[in-house]
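Note sheet for the following structure.
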Amino acid sequence: MLTAILVMTGIALVLGAALGFAAIFFKVEGDPLVDNIDAILPQTQCGQCGFPGCRPYAEAIANGEADINQCPPGGEEGIRHLADLLGREFKPLDEEHGVEKPKSVAVIDEQTCIGCTLCIQACPVDAIVGAAKQMHTIVEAECTGCELCIAPCPVDCITMEPLKETVKTWKWKYPVIQIKDVA
Amino acid sequence: MIAGLFRFKGGIKPETHKNASAGSPIQIAPLPKQLIVPLRQSPRATAECIVVPGQKVLKGERIGLPDSPLSTAVHAPTSGTVVEITPHAMAHASGLQTRCVVIEPDGDERWIDRPTLDYASASPKEALAWLRDHGIVGLGGATFPSHIKAGVDGGIETLILNGAECEPWITCDDRLMRERADGIVAGALILKHLTGAREIVFGVEDNKPQAIEALRTAIHGLSGDITVIPVPSLYPAGGEKQLIRVLTGVEIPHGKLGGDFGVQCFNVGTAYAVNRAINHGEPLVSRVMTVTGNVDKPGNFEVLIGTPVEALLALGQPKPDTGRILMGGPMMGFELPRLDVPATKATNCLIATSPTLFPPPPPEMNCIRCGACAVVCPAELQPFELYWFSRARNFGKAQEYHLFDCIECGCCSYVCPSQIRLVDYYRFAKGEIWAREREKSAADAARERFEFRNERQAREKREKAEKLAAKAAATKAKLAAAPTDAPAAVATDTPAGPDDAKRALIAAALERAKAQKAAVEPKNTDALTPEQAAQVAEADARRAAQAAPDTAADAPESN
């Protein structure tokens, strides 16, 4: 009887110590779920989801405070990925937050720009170059197309232009199977 | 020395159609009205334009400088005038535009100075830079820069010269080997020197006996380990990995290159171009192309890079029922969306199609899981699985099944009893995967920039607060040290209290402002001409006269 109790206590102590060490040595910093969700989001930082940036939205999804269908730039495919990751049902995009648009970049009409720097302050990824009373311009390669610079512009000189296909972005289309010749 | 031949798995034996053009010697293509030289050479590299419209250029003059490690120089294919530098449609399945230098030939074909390089005494670095500056790229179709391939640091045992030319219809390498074998062998010796290889092996498909004979004559009497090996005609024996397998028995695994196993492979056309560049000082401005298919006079032509396809096609005299035009072979080539595109360094063949030669593909049917595609796949993949995954857009799974080891040779589509164009699905899937990778890296960059911006804003806020605090502390300390001067005057009519420090601060600031105002003087009245001084004086007098009645009018009211 005593031996049994001692053996059980011994095992309990050893396992407890092992678990304790594991908790210290293999501690995960932060919430990996948030990182995984954040990796799916398109990082436009546009705030259309109602949160100030992609990461806060990822945190809200992880905490169950937001739904997975609030990100228009991510589109249907983004929602599908999120649904896969979280094991939820796919839902169509919530139109309250916007609609999926073709990928665009902002373009400043340099004739109209007065150099007020308001758009520079609004840009979440520092993609606008310029200084007070100097013409501004947008670094196309860095622009995420979030449209946050459009509203602050006092002279409405910023427009969104869909990205044109170049040789670098061109891809073979999905093969279309012709079943019957159409006259 | 190679004892026997090996074989690669799979492969097909399509009708070769090589007799159409194999008998026609290489002719020099006439100068076109305009040459359109693309600055983009491959998906990997473009050149930086160094000419301006209106500039006269000589044949072989550099018009584009390499701007990245994988880029090579671009040269004027003939002497003439640069008309414009403009986006122009390029030889690509998309028909999209790229920046091109348009040159109007003057008809003289005047060469620029052509110094040669004594490669035996030059350092390898110098020789490789020479190749890059002479625009030498692989002419087998991939246009990979030769200076990169030849510049692998040692470890190369065998240098393979690829003269297999396994695709149907194409005969340009065949003719080159028959007619210019000496130049090819000279180029091969240079490449051997550069790579440090021990032996040279020419791999030529056995359906080109004259080419094999010509090469054997050319190597006759040469010292060193150099052989010409006829390889069985089996498509795609000319694929790099397949030819290495056949000649050396080495199977290059996933993610590795021939160089990792001591084997380096160059096209015979590349070797010829290397010889021209080093022994004759000529940059790569022309190449041999086959014009064949539904044409009256199929043939092989030495064509200047930048010659429009229309002009080339006209040399072969297409028959009236000609339909689509293919660039490259029928297996791996692509249909040209338009005909004003220029020929590039990668263009080895133009095929005019007709409904009889290339009947329209019958409608696709369902995959019956027969496995015929897996039997012929030279990359030893499971094409049907790749097809299912690509079709279902299950790209992760397609990659797991090594989609990117697919060389798009088209064997699977060729044998498919359901006429499924499998390669189209693979191309689609590859494109989608690349697009996703681009999006992913763009998103990562955006996240990084966003986080950096947030951090910067926080830091700026913190620094500003710290600076303000430090300044306030400094002023406070100063006032505490000298509390009796100016503030005393202000403090006379206010009761002393906790506001004192603040008042003192305000007073000090006012004092400073006053001093500053006194210090500032008009700066533009220093060096005046007498007339200007007179004008200023006049204006001052006018102003004083104006002010005087005002004060006079104000005076009674104020009283």
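Residue 1 is the first one shown; counting continues down the chain.
Keep in mind that glycine also has a Cβ here, set from the backbone N, Cα and C atoms.
Sequence-distant neighbours of A:CYS46 ([4Fe-4S] cluster 1 binding site) (same chain, 6+ apart, CB under 8 A from its CB) are A:PRO72, A:PRO73, A:PRO124, A:THR144, A:GLY145, A:CYS146, A:GLU147, A:LEU148. For A:CYS46, A:CYS49, A:CYS54, A:CYS71, the entry in TrEMBL reads [4Fe-4S] cluster 1 binding site.
Summarising the annotation, TrEMBL assigns [4Fe-4S] cluster 2 binding site to A:CYS113, A:CYS116, A:CYS119, A:CYS153. Long-range neighbours of A:CYS119 ([4Fe-4S] cluster 2 binding site) (same chain, six or more residues apart, CB within less than 8 Å of its CB): A:ILE108, A:ILE128, A:HIS136, A:CYS149, A:PRO152, A:CYS153, A:ILE158.
If you take the C-beta of A:CYS143 ([4Fe-4S] cluster 3 binding site) and look for same-chain residues 6 or more apart in sequence within under 8 angstroms, you find A:VAL105, A:ALA106, A:VAL125, A:ALA127. Annotation source TrEMBL lists [4Fe-4S] cluster 3 binding site at A:CYS123, A:CYS143, A:CYS146, A:CYS149.
Per TrEMBL, domain '4Fe-4S' is recorded for A:29-88.
Among residues of the same chain six or more beyond the domain '4Fe-4S ferredoxin-type' (A:104-133), those with a C-beta under 8 A of the stretch's C-beta atoms are 45-46, 53, 139-140, 142-163. Taken from TrEMBL, the feature domain '4Fe-4S ferredoxin-type' applies to A:104-133 (among others).
Residues or ranges marked as domain '4Fe-4S ferredoxin-type' by TrEMBL: A:134-163 (among others). Beyond its flanks by at least six residues, the domain '4Fe-4S ferredoxin-type' (A:134-163) meets 42-47, 73, 101-128, 169 of its own chain at Cβ-Cβ distances under 8 Å.
Residues or ranges marked as region 'Hydrophobic' in TrEMBL: A:1-23. Remote same-chain partners of the region 'Hydrophobic' (A:1-23), defined as residues 6 or more beyond its termini with a Cβ less than 8 Å from a stretch Cβ, are none.
Across the fold, the C-alpha of A:CYS116 ([4Fe-4S] cluster 2 binding site) and the C-alpha of A:CYS71 ([4Fe-4S] cluster 1 binding site) stand 30 Å from each other. Of all Cβ atoms in the protein chains displayed, 21 besides its own lie within 10 Å of the Cβ of A:CYS153 ([4Fe-4S] cluster 2 binding site). The Cβ of A:CYS113 ([4Fe-4S] cluster 2 binding site) lies under 8 Å from the Cβ of A:GLY130, A:MET135, A:HIS136, A:VAL155, A:CYS157, each on the same chain and at least six residues away in sequence. As a summary of secondary structure, the domain '4Fe-4S ferredoxin-type' (A:104-133) carries 5 helix, 7 strand, 18 coil according to DSSP.
For the domain '4Fe-4S ferredoxin-type' (A:134-163), DSSP puts the residue distribution at 0 helix, 7 strand, 23 coil. The two recorded residues A:CYS49 ([4Fe-4S] cluster 1 binding site) and A:CYS123 ([4Fe-4S] cluster 3 binding site) have their Cα atoms spaced 17 Å from each other.
Annotation note: A:CYS71 ([4Fe-4S] cluster 1 binding site) sits in a coil segment as assigned by DSSP. For the pair A:CYS123 ([4Fe-4S] cluster 3 binding site) and A:CYS71 ([4Fe-4S] cluster 1 binding site), the C-alpha distance works out to 18 angstrom.
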